[in-house]
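Single-structure report; data block below.
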Amino acid sequence: LKMGVVSGFIKYSMFVFNFIFWVCGSIILGIAIYARTSKIGQEIIRGEASGMNTRTAANLLIAVGTIIMVLGFLGCCGALKENRCMLLLFFVGLLVIVIIQIVVGVVGLSFKTKIEKAFKKSFEHEVMTLSKDDPQSQTFQKNLEKMQEKFKCCGLIRGAADWGKNFNKYGGSCECTSSVLNDCVDYPGKHVYRESCGQHIINYLKKNMVIVAGVAFGVAVIEILGLIFSYVLWRQIGPN
């Protein structure tokens, strides 16, 4: 690699790559802030028994979005201004992100069963709110009722029985309209969906795990290209 001779293709490819990177960070940050501060987001956080987890997830996305925006800014400015310091900071930051992604991906695949158990444990904690009458529990109950209508499921773990004395109030969204007999089960007074919403979530995650892994791999490839471009440009600019 010859120092002092900067390739226009590498330079502007770096700029475009980092501009897209910056836009993605802005979108993630915007969505996370909206989820954290909007009225709907606040209701979900207050209504869920695991509200702290929801709040933590939103805060984590805010941090991720901010980091991506900063890296995108460093990459854009470093490329246009041919600034080695900015390019080096971008390279190191992106390298750390790639390493973290790989570690999280490997751990996620290795502990798939444990993750499923963690979801089930969380559901077991939240299911107790379905039979309560306090305002905080009612918010969660209404959210689950909407989920039952949308995903054609019932209850959180054991089906309709999870609602207890509140079944007559929220059980309407459990009523099974499927023509497939195996999708439905009889519950005192009603024909309801067999699958619990908790199991629906777990099945959904399992089905989409391959897609998520594929997307993550694609993102990692793009990030590695960013590392290569930034290193090549850093070398071409030279110490001066």
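Just so you know, glycine gets a Cβ as well, placed from its N, Cα and C.
The list of residues near the transmembrane segment (12-35) in space but at least 6 beyond its ends in sequence, with Cβ under 8 angstroms from a Cβ of it, reads 41, 58-59, 61-62, 64-76, 78-80, 90, 222, 225-226, 229-230, 233. Under the heading transmembrane segment, TrEMBL lists 12-35 (among others).
Marked as transmembrane segment by TrEMBL: 56-81 (among others).
The transmembrane segment feature in TrEMBL is assigned to 87-111 (among others). Within its own chain, the transmembrane segment (87-111) has Cβ neighbours under 8 Å at 18, 67, 70-71, 74-75, 78-79, 213, 216, 219-220, 223-224, 226-227, 230-231, 233-234, 237, counting only residues six or more beyond its boundaries.
Cys153 (disulfide bond) is surrounded by 25 other CB atoms, counting those within 10 A of its CB over all protein chains shown. Here TrEMBL flags Cys153-Cys184 (among others) as disulfide bond.
Under the heading disulfide bond, TrEMBL lists Cys154-Cys174 (among others). Annotation note: Cys174 (disulfide bond) sits in a helical segment as assigned by DSSP.
Positions annotated as transmembrane segment by TrEMBL: 209-234 (among others).
In the three-state DSSP assignment, the secondary structure recorded for Cys153 (disulfide bond) is coil.
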